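J.: Per TrEMBL, the features are:
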ACT_SITE  D148  active site, proton donor/acceptor
BINDING   N7, E384  Mg(2+) binding site
BINDING   K14, H208, L209, G210, N211, G212, D283, F284, R285, G331, I332, G333, E334, N335  ATP binding site
BINDING   R91  substrate binding site
SITE      H180  site 'Transition state stabilizer'
SITE      R241  site 'Transition state stabilizer'
Amino acid sequence: MKILVINCGSSSLKYQLIDMNGEEVLCKGLVERIGIEGSKIKHDTTGKERVIIEEPMANHKVALGLVLNALIDENHGAIKSMDEIGAVGHRVVHGGETFASSVIIDDEVMKVLDECIELAPLHNPPNITGIEACKELMPNTPMVAVFDTAFHQTMEADNYIYPIPYEYYEKYKIRRYGFHGTSHKYVSLRAAEILGKDIKDLNIVTCHLGNGSSVCAVQGGKSVDTSMGFTPLEGLAMGTRSGDIDPAIIPFIMDKENMSFEEVNNMLNKQSGVLGISGISSDFRDLEIAANEGNERAKLALDVFVNRVKKYVGAYVATMCRVDALVFTAGIGENSGSIREKVCEGLECLGINIDTELNNVRGEEAKLNKDSNSVNILVIPTNEELMIARDTLELVSK
Ligand code: ADP
(Lines of atoms letter the chains of each structure in order from A and count residues from 1; the text may use other names and numbers.)
(Lines give C-alpha, C1' and ligand atoms only; values in the text may rest on other atoms or scores of the structure.)
Protein backbone atom coordinates (compact mmCIF):
# COMPACT_ATOMS: atom_id res chain seq x y z
CA MET A 1 0.00 0.00 0.00
CA LYS A 2 1.12 3.57 -0.70
CA ILE A 3 0.61 6.00 2.16
CA LEU A 4 0.67 9.78 2.07
CA VAL A 5 2.04 11.36 5.25
CA ILE A 6 0.99 14.95 5.92
CA ASN A 7 2.39 17.37 8.48
CA CYS A 8 0.61 20.72 8.39
CA GLY A 9 1.93 23.87 10.05
CA SER A 10 0.22 27.25 10.08
CA SER A 11 1.73 28.31 6.75
CA SER A 12 3.59 25.17 5.74
CA LEU A 13 2.88 21.59 4.72
CA LYS A 14 5.39 18.73 4.64
CA TYR A 15 4.50 15.54 2.84
CA GLN A 16 5.92 12.15 1.94
CA LEU A 17 4.48 9.42 -0.22
CA ILE A 18 5.77 6.08 1.05
CA ASP A 19 5.39 2.69 -0.60
CA MET A 20 4.97 0.44 2.45
CA ASN A 21 6.00 -2.50 0.35
CA GLY A 22 9.70 -2.03 1.15
CA GLU A 23 9.09 1.25 3.06
CA GLU A 24 10.45 3.26 0.18
CA VAL A 25 9.95 7.03 -0.09
CA LEU A 26 8.52 7.77 -3.54
CA CYS A 27 8.08 11.54 -3.22
CA LYS A 28 8.57 14.14 -0.56
CA GLY A 29 8.20 17.85 -0.38
CA LEU A 30 7.62 21.03 1.47
CA VAL A 31 5.03 23.73 0.81
CA GLU A 32 5.96 27.11 2.21
CA ARG A 33 4.14 30.42 2.65
CA ILE A 34 0.58 29.07 2.39
CA GLY A 35 -1.77 32.05 2.57
CA ILE A 36 1.15 34.45 2.16
CA GLU A 37 2.56 36.01 -0.99
CA GLY A 38 5.28 33.87 -2.58
CA SER A 39 3.81 30.39 -1.90
CA LYS A 40 5.86 27.55 -3.35
CA ILE A 41 6.30 23.79 -3.29
CA LYS A 42 9.70 22.10 -3.28
CA HIS A 43 8.86 18.68 -4.66
CA ASP A 44 11.32 15.77 -4.85
CA THR A 45 10.56 12.46 -6.49
CA THR A 46 13.13 9.74 -5.82
CA GLY A 47 15.40 9.42 -8.85
CA LYS A 48 14.21 12.66 -10.45
CA GLU A 49 15.31 16.27 -10.27
CA ARG A 50 13.70 18.61 -7.76
CA VAL A 51 10.91 20.81 -9.10
CA ILE A 52 9.80 24.10 -7.59
CA ILE A 53 6.14 24.91 -8.10
CA GLU A 54 5.39 28.58 -7.59
CA GLU A 55 1.71 29.42 -7.55
CA PRO A 56 -0.58 31.43 -5.30
CA MET A 57 -1.92 29.20 -2.50
CA ALA A 58 -4.56 31.01 -0.55
CA ASN A 59 -5.16 28.13 1.84
CA HIS A 60 -4.18 24.54 2.74
CA LYS A 61 -6.81 23.06 0.43
CA VAL A 62 -5.33 24.82 -2.60
CA ALA A 63 -1.82 23.80 -1.50
CA LEU A 64 -2.83 20.18 -1.01
CA GLY A 65 -4.57 20.13 -4.39
CA LEU A 66 -1.30 21.21 -6.02
CA VAL A 67 0.64 18.61 -4.02
CA LEU A 68 -1.73 15.86 -5.22
CA ASN A 69 -1.32 17.10 -8.80
CA ALA A 70 2.47 16.96 -8.37
CA LEU A 71 2.25 13.36 -7.09
CA ILE A 72 0.37 12.23 -10.22
CA ASP A 73 2.18 14.51 -12.69
CA GLU A 74 3.44 12.64 -15.74
CA ASN A 75 6.92 14.19 -15.54
CA HIS A 76 7.72 14.78 -11.89
CA GLY A 77 5.19 12.55 -10.15
CA ALA A 78 5.46 8.97 -8.88
CA ILE A 79 1.95 7.54 -9.28
CA LYS A 80 -0.61 7.46 -12.09
CA SER A 81 -3.72 8.36 -10.13
CA MET A 82 -4.80 9.37 -6.65
CA ASP A 83 -6.55 6.01 -6.30
CA GLU A 84 -3.11 4.53 -5.71
CA ILE A 85 -2.95 6.32 -2.34
CA GLY A 86 -4.34 3.72 0.07
CA ALA A 87 -4.44 5.94 3.15
CA VAL A 88 -3.28 9.26 4.59
CA GLY A 89 -1.46 9.60 7.91
CA HIS A 90 -1.68 13.01 9.58
CA ARG A 91 0.66 14.30 12.23
CA VAL A 92 -1.32 15.92 15.02
CA VAL A 93 0.59 17.63 17.82
CA HIS A 94 -1.79 17.28 20.76
CA GLY A 95 -4.08 14.36 21.50
CA GLY A 96 -4.78 15.32 25.12
CA GLU A 97 -5.65 12.46 27.45
CA THR A 98 -8.10 10.94 24.98
CA PHE A 99 -5.62 9.56 22.49
CA ALA A 100 -3.06 7.12 23.84
CA SER A 101 -2.43 5.77 20.35
CA SER A 102 -3.06 6.63 16.72
CA VAL A 103 -6.68 6.54 15.50
CA ILE A 104 -8.69 6.29 12.30
CA ILE A 105 -10.24 9.70 11.75
CA ASP A 106 -14.05 9.83 11.87
CA ASP A 107 -16.56 12.48 12.89
CA GLU A 108 -16.23 11.57 16.56
CA VAL A 109 -12.43 11.92 16.42
CA MET A 110 -12.77 15.30 14.67
CA LYS A 111 -14.96 16.49 17.56
CA VAL A 112 -12.37 15.47 20.15
CA LEU A 113 -9.60 17.07 18.08
CA ASP A 114 -11.52 20.33 18.27
CA GLU A 115 -11.64 19.97 22.04
CA CYS A 116 -7.84 19.55 22.11
CA ILE A 117 -7.29 22.93 20.40
CA GLU A 118 -7.34 24.64 23.77
CA LEU A 119 -4.28 22.59 24.81
CA ALA A 120 -2.26 23.46 21.68
CA PRO A 121 -3.73 26.65 20.22
CA LEU A 122 -0.77 27.22 17.89
CA HIS A 123 -0.26 23.68 16.62
CA ASN A 124 -3.55 21.79 16.48
CA PRO A 125 -5.58 24.21 14.30
CA PRO A 126 -3.29 23.86 11.25
CA ASN A 127 -3.20 20.07 11.76
CA ILE A 128 -7.02 20.03 11.71
CA THR A 129 -7.10 22.32 8.66
CA GLY A 130 -4.86 19.83 6.86
CA ILE A 131 -7.16 16.92 7.73
CA GLU A 132 -10.23 18.84 6.56
CA ALA A 133 -8.58 19.82 3.28
CA CYS A 134 -7.58 16.20 2.69
CA LYS A 135 -11.08 14.93 3.48
CA GLU A 136 -12.54 17.28 0.89
CA LEU A 137 -10.06 16.31 -1.80
CA MET A 138 -9.93 12.58 -1.02
CA PRO A 139 -13.32 11.80 0.56
CA ASN A 140 -13.02 8.03 0.13
CA THR A 141 -9.46 7.55 1.37
CA PRO A 142 -9.08 6.38 5.00
CA MET A 143 -7.16 8.76 7.23
CA VAL A 144 -5.30 8.28 10.47
CA ALA A 145 -4.21 10.80 13.11
CA VAL A 146 -0.84 10.18 14.77
CA PHE A 147 -0.20 12.27 17.89
CA ASP A 148 3.06 13.68 19.27
CA THR A 149 1.66 13.19 22.76
CA ALA A 150 0.28 9.64 22.46
CA PHE A 151 3.50 7.73 23.18
CA HIS A 152 3.78 9.47 26.56
CA GLN A 153 0.29 8.53 27.75
CA THR A 154 1.89 5.53 29.48
CA MET A 155 3.43 7.87 32.09
CA GLU A 156 2.22 7.33 35.65
CA ALA A 157 0.49 10.12 37.56
CA ASP A 158 3.53 10.73 39.79
CA ASN A 159 5.40 11.83 36.68
CA TYR A 160 2.61 13.76 34.97
CA ILE A 161 0.94 15.60 37.84
CA TYR A 162 2.41 19.03 38.63
CA PRO A 163 2.76 20.07 42.25
CA ILE A 164 0.13 22.82 41.97
CA PRO A 165 -3.48 22.64 43.26
CA TYR A 166 -4.99 19.41 41.91
CA GLU A 167 -8.16 21.23 40.87
CA TYR A 168 -6.29 22.69 37.86
CA TYR A 169 -5.73 19.18 36.56
CA GLU A 170 -9.40 18.38 37.11
CA LYS A 171 -10.70 21.65 35.66
CA TYR A 172 -8.28 22.31 32.82
CA LYS A 173 -6.33 19.06 32.36
CA ILE A 174 -3.08 20.80 33.29
CA ARG A 175 -0.53 17.98 33.45
CA ARG A 176 2.61 16.79 31.68
CA TYR A 177 1.80 15.48 28.19
CA GLY A 178 5.22 15.36 26.55
CA PHE A 179 5.92 15.79 22.84
CA HIS A 180 8.17 14.35 20.09
CA GLY A 181 6.51 11.02 20.98
CA THR A 182 6.62 9.70 17.42
CA SER A 183 10.37 10.32 17.32
CA HIS A 184 11.11 8.84 20.76
CA LYS A 185 9.05 5.77 19.80
CA TYR A 186 10.77 5.34 16.44
CA VAL A 187 14.33 5.61 17.77
CA SER A 188 13.69 3.40 20.79
CA LEU A 189 12.22 0.65 18.56
CA ARG A 190 15.10 1.05 16.13
CA ALA A 191 17.61 0.87 19.02
CA ALA A 192 16.15 -2.49 20.05
CA GLU A 193 16.46 -3.71 16.45
CA ILE A 194 20.08 -2.55 16.20
CA LEU A 195 20.94 -4.21 19.52
CA GLY A 196 19.11 -7.39 18.53
CA LYS A 197 17.05 -7.31 21.74
CA ASP A 198 13.37 -7.35 22.58
CA ILE A 199 12.30 -3.76 23.37
CA LYS A 200 10.47 -5.17 26.42
CA ASP A 201 13.84 -6.02 28.00
CA LEU A 202 15.46 -2.63 27.46
CA ASN A 203 15.72 0.63 29.39
CA ILE A 204 16.57 3.44 26.97
CA VAL A 205 17.16 7.16 27.36
CA THR A 206 16.34 8.90 24.07
CA CYS A 207 17.61 12.44 23.41
CA HIS A 208 15.75 14.24 20.60
CA LEU A 209 17.95 17.31 20.18
CA GLY A 210 16.77 19.66 17.42
CA ASN A 211 15.28 23.13 17.27
CA GLY A 212 12.96 21.83 19.93
CA SER A 213 14.56 19.27 22.23
CA SER A 214 13.35 16.66 24.67
CA VAL A 215 14.65 13.63 26.55
CA CYS A 216 12.56 10.54 27.27
CA ALA A 217 12.92 7.54 29.59
CA VAL A 218 11.69 4.49 27.69
CA GLN A 219 11.28 1.39 29.85
CA GLY A 220 10.26 -1.81 28.11
CA GLY A 221 9.13 0.21 25.08
CA LYS A 222 6.94 2.56 27.14
CA SER A 223 7.53 6.21 27.91
CA VAL A 224 7.80 6.53 31.70
CA ASP A 225 8.94 10.15 31.81
CA THR A 226 9.83 12.95 29.44
CA SER A 227 11.19 16.47 29.73
CA MET A 228 8.54 18.44 27.81
CA GLY A 229 5.40 19.10 29.77
CA PHE A 230 1.99 20.72 29.45
CA THR A 231 3.49 22.48 26.42
CA PRO A 232 6.75 22.02 24.47
CA LEU A 233 8.27 24.87 26.50
CA GLU A 234 9.33 22.78 29.48
CA GLY A 235 12.52 20.80 29.90
CA LEU A 236 15.79 21.36 28.09
CA ALA A 237 17.13 24.74 27.00
CA MET A 238 16.28 24.81 23.27
CA GLY A 239 17.03 26.91 20.19
CA THR A 240 14.74 29.74 21.25
CA ARG A 241 12.72 28.19 24.13
CA SER A 242 13.75 28.60 27.74
CA GLY A 243 12.92 25.13 29.02
CA ASP A 244 12.86 24.85 32.84
CA ILE A 245 13.11 28.13 34.72
CA ASP A 246 11.99 29.25 38.14
CA PRO A 247 8.32 30.17 37.53
CA ALA A 248 8.74 33.20 39.83
CA ILE A 249 10.95 34.80 37.14
CA ILE A 250 7.87 35.32 34.98
CA PRO A 251 5.85 37.70 37.21
CA PHE A 252 9.12 39.39 38.22
CA ILE A 253 10.08 40.23 34.62
CA MET A 254 6.50 41.14 33.70
CA ASP A 255 6.50 43.64 36.53
CA LYS A 256 9.96 45.10 35.83
CA GLU A 257 9.54 45.33 32.05
CA ASN A 258 5.83 46.10 32.04
CA MET A 259 5.23 43.07 29.83
CA SER A 260 1.89 41.56 28.79
CA PHE A 261 1.17 37.80 28.90
CA GLU A 262 1.58 37.70 25.15
CA GLU A 263 4.96 39.43 25.31
CA VAL A 264 6.30 37.22 28.06
CA ASN A 265 5.05 34.13 26.22
CA ASN A 266 6.83 35.32 23.11
CA MET A 267 10.02 36.01 25.08
CA LEU A 268 10.04 32.50 26.60
CA ASN A 269 9.22 30.75 23.31
CA LYS A 270 11.03 32.83 20.71
CA GLN A 271 13.81 34.85 22.37
CA SER A 272 15.18 32.51 25.00
CA GLY A 273 17.14 29.23 24.97
CA VAL A 274 20.59 29.28 23.38
CA LEU A 275 19.56 32.29 21.26
CA GLY A 276 18.71 34.26 24.39
CA ILE A 277 21.94 33.37 26.18
CA SER A 278 24.28 33.82 23.22
CA GLY A 279 22.56 36.78 21.59
CA ILE A 280 23.84 35.32 18.30
CA SER A 281 21.77 32.46 16.93
CA SER A 282 19.51 29.54 17.74
CA ASP A 283 21.43 27.36 15.31
CA PHE A 284 24.07 25.14 16.91
CA ARG A 285 26.32 25.33 13.84
CA ASP A 286 26.61 29.12 14.29
CA LEU A 287 27.15 28.72 18.03
CA GLU A 288 29.88 26.12 17.65
CA ILE A 289 31.74 28.33 15.16
CA ALA A 290 31.39 31.39 17.42
CA ALA A 291 32.48 29.43 20.51
CA ASN A 292 35.54 28.13 18.66
CA GLU A 293 36.40 31.71 17.75
CA GLY A 294 36.36 32.61 21.44
CA ASN A 295 32.86 34.03 21.86
CA GLU A 296 32.20 33.50 25.58
CA ARG A 297 28.42 33.79 25.44
CA ALA A 298 28.16 31.29 22.61
CA LYS A 299 30.27 28.93 24.72
CA LEU A 300 28.09 29.58 27.76
CA ALA A 301 24.92 28.87 25.73
CA LEU A 302 26.34 25.51 24.61
CA ASP A 303 27.46 24.70 28.16
CA VAL A 304 23.99 25.44 29.57
CA PHE A 305 22.39 23.30 26.86
CA VAL A 306 24.74 20.37 27.52
CA ASN A 307 24.31 20.67 31.27
CA ARG A 308 20.55 20.40 31.02
CA VAL A 309 20.74 17.32 28.81
CA LYS A 310 23.12 15.67 31.29
CA LYS A 311 20.81 16.41 34.21
CA TYR A 312 17.88 14.78 32.45
CA VAL A 313 19.95 11.78 31.39
CA GLY A 314 21.05 11.34 35.02
CA ALA A 315 17.50 11.72 36.29
CA TYR A 316 16.15 9.13 33.87
CA VAL A 317 18.87 6.62 34.63
CA ALA A 318 17.80 7.03 38.28
CA THR A 319 14.12 6.68 37.30
CA MET A 320 14.75 3.37 35.53
CA CYS A 321 17.52 2.09 37.89
CA ARG A 322 19.52 0.86 34.91
CA VAL A 323 20.13 2.06 31.39
CA ASP A 324 20.95 -0.17 28.43
CA ALA A 325 21.17 2.48 25.75
CA LEU A 326 21.51 6.23 25.30
CA VAL A 327 20.20 7.38 21.92
CA PHE A 328 20.91 10.68 20.14
CA THR A 329 18.62 11.89 17.38
CA ALA A 330 17.30 15.00 15.47
CA GLY A 331 19.37 17.84 13.96
CA ILE A 332 21.86 18.28 16.79
CA GLY A 333 21.83 14.71 18.11
CA GLU A 334 22.46 13.27 14.64
CA ASN A 335 25.02 15.82 13.49
CA SER A 336 26.96 17.35 16.34
CA GLY A 337 29.72 15.08 17.60
CA SER A 338 30.95 17.75 19.97
CA ILE A 339 27.57 18.08 21.73
CA ARG A 340 27.31 14.27 22.02
CA GLU A 341 30.80 14.10 23.48
CA LYS A 342 30.13 16.89 25.99
CA VAL A 343 26.84 15.30 27.08
CA CYS A 344 28.63 12.02 27.80
CA GLU A 345 31.62 13.69 29.48
CA GLY A 346 31.53 13.03 33.22
CA LEU A 347 28.82 10.37 32.97
CA GLU A 348 31.37 7.53 33.12
CA CYS A 349 30.09 6.88 36.67
CA LEU A 350 26.83 5.74 35.02
CA GLY A 351 28.66 3.41 32.64
CA ILE A 352 28.42 5.91 29.78
CA ASN A 353 31.77 5.83 27.92
CA ILE A 354 31.88 7.44 24.50
CA ASP A 355 34.57 6.54 21.97
CA THR A 356 35.70 9.86 20.47
CA GLU A 357 36.86 8.18 17.24
CA LEU A 358 33.56 6.37 16.67
CA ASN A 359 31.77 9.62 17.55
CA ASN A 360 33.12 11.19 14.38
CA VAL A 361 29.87 10.50 12.47
CA ARG A 362 27.09 12.65 11.10
CA GLY A 363 23.56 11.83 10.05
CA GLU A 364 23.86 8.05 10.04
CA GLU A 365 23.22 5.16 12.39
CA ALA A 366 26.25 4.43 14.55
CA LYS A 367 27.28 2.83 17.84
CA LEU A 368 29.60 5.04 19.88
CA ASN A 369 30.32 3.22 23.14
CA LYS A 370 33.93 2.39 23.95
CA ASP A 371 33.40 -1.26 24.81
CA SER A 372 30.66 -3.84 25.10
CA ASN A 373 30.51 -3.54 28.90
CA SER A 374 29.50 0.12 28.67
CA VAL A 375 26.02 1.50 28.08
CA ASN A 376 25.23 1.37 24.35
CA ILE A 377 25.48 4.87 22.89
CA LEU A 378 23.65 5.13 19.57
CA VAL A 379 23.09 7.74 16.90
CA ILE A 380 19.80 7.01 15.12
CA PRO A 381 18.42 9.46 12.54
CA THR A 382 14.78 9.90 13.41
CA ASN A 383 12.05 9.10 10.91
CA GLU A 384 8.74 10.41 12.16
CA GLU A 385 7.15 10.11 8.70
CA LEU A 386 7.88 6.39 8.52
CA MET A 387 6.51 5.88 12.04
CA ILE A 388 3.31 7.73 11.03
CA ALA A 389 3.05 5.62 7.85
CA ARG A 390 3.53 2.38 9.84
CA ASP A 391 0.81 3.32 12.33
CA THR A 392 -1.47 4.30 9.46
CA LEU A 393 -0.89 1.01 7.64
CA GLU A 394 -1.50 -0.99 10.80
CA LEU A 395 -4.82 0.74 11.53
CA VAL A 396 -6.23 0.70 8.01
CA SER A 397 -5.24 -2.95 7.51
CA LYS A 398 -7.29 -4.08 10.52
P1 ADP B 1 13.27 20.67 14.06
O2 ADP B 1 12.99 20.67 15.52
O3 ADP B 1 12.96 22.00 13.40
O4 ADP B 1 12.77 19.47 13.32
P5 ADP B 1 15.90 19.61 13.50
O6 ADP B 1 15.79 18.31 14.20
O7 ADP B 1 15.94 19.64 12.03
O8 ADP B 1 14.85 20.66 14.02
O9 ADP B 1 17.22 20.32 14.06
C10 ADP B 1 17.61 21.56 13.58
C11 ADP B 1 18.82 22.03 14.36
O12 ADP B 1 19.87 21.04 14.26
C13 ADP B 1 19.44 23.30 13.77
O14 ADP B 1 18.88 24.45 14.32
C15 ADP B 1 20.86 23.16 14.19
O16 ADP B 1 21.01 23.81 15.44
C17 ADP B 1 21.12 21.70 14.41
N18 ADP B 1 22.10 21.15 13.46
C19 ADP B 1 21.89 20.70 12.22
N20 ADP B 1 23.06 20.30 11.65
C21 ADP B 1 24.02 20.50 12.57
C22 ADP B 1 25.43 20.29 12.62
N23 ADP B 1 26.10 19.80 11.59
N24 ADP B 1 26.08 20.64 13.76
C25 ADP B 1 25.43 21.15 14.81
N26 ADP B 1 24.10 21.35 14.83
C27 ADP B 1 23.42 21.05 13.74
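Even glycines carry a Cβ here, placed using N, Cα and C.
Have a look at these and tell me how they're positioned relative to everything else.
T.: Secondary structure at D148 (active site, proton donor/acceptor), taken from DSSP and collapsed to helix, strand or coil, is coil.
In the three-state DSSP scheme, E384 (Mg(2+) binding site) falls into the helix class.
DSSP assigns K14 (ATP binding site) to a strand.
In this structure, R91 (substrate binding site) is part of a beta strand by DSSP.
Within the same chain, the residues at least 6 positions away from H180 (site 'Transition state stabilizer') whose Cβ sits under 8 Å from its Cβ are D148, H208, G212, S214, C216, T226, M228, A330, listed in sequence order.
The Cβ of R241 (site 'Transition state stabilizer') has G212, P232, L233, L268, N269, S272, G273 as same-chain neighbours under 8 Å, each 6 or more residues away in sequence.
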J.: Taking just the CA atoms, what is the gap between L209 (ATP binding site) and E384 (Mg(2+) binding site) in Å?
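T.: That comes out at 14 Å between the alpha carbons.
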J.: Find the shortest Cα-Cα separation between E334 (ATP binding site) and the binding-site residues N7, R91, E384, and name the residue that gives it.
T.: E384
J.: Reported as an integer number of Å, what is the Cα distance between I332 (ATP binding site) and R91 (substrate binding site)?
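T.: Rounded to a whole number, the Cα-Cα distance is 22 Å.
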J.: Using Cβ-Cβ distances, find the residues under 8 Å from N7 (Mg(2+) binding site) that belong to the same chain and are at least 6 apart in sequence, listing them in sequence order.
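T.: Listed in sequence order, they are L13, K14, Y15, H90, R91, G130, E384, E385.
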J.: Any of the binding-site residues D283, R285, E334 with a C-beta atom under 6 A from ligand 1? Give them in order, or none.
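T.: So the answer is D283, R285.
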J.: When you look at K14, H208, L209, G210, N211, G212, D283, F284, R285, G331, I332, G333, E334, N335, which the record names as binding ATP, what is the longest CA to CA distance in angstrom?
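T.: For the residues that bind ATP, the greatest Cα distance is 24 Å.
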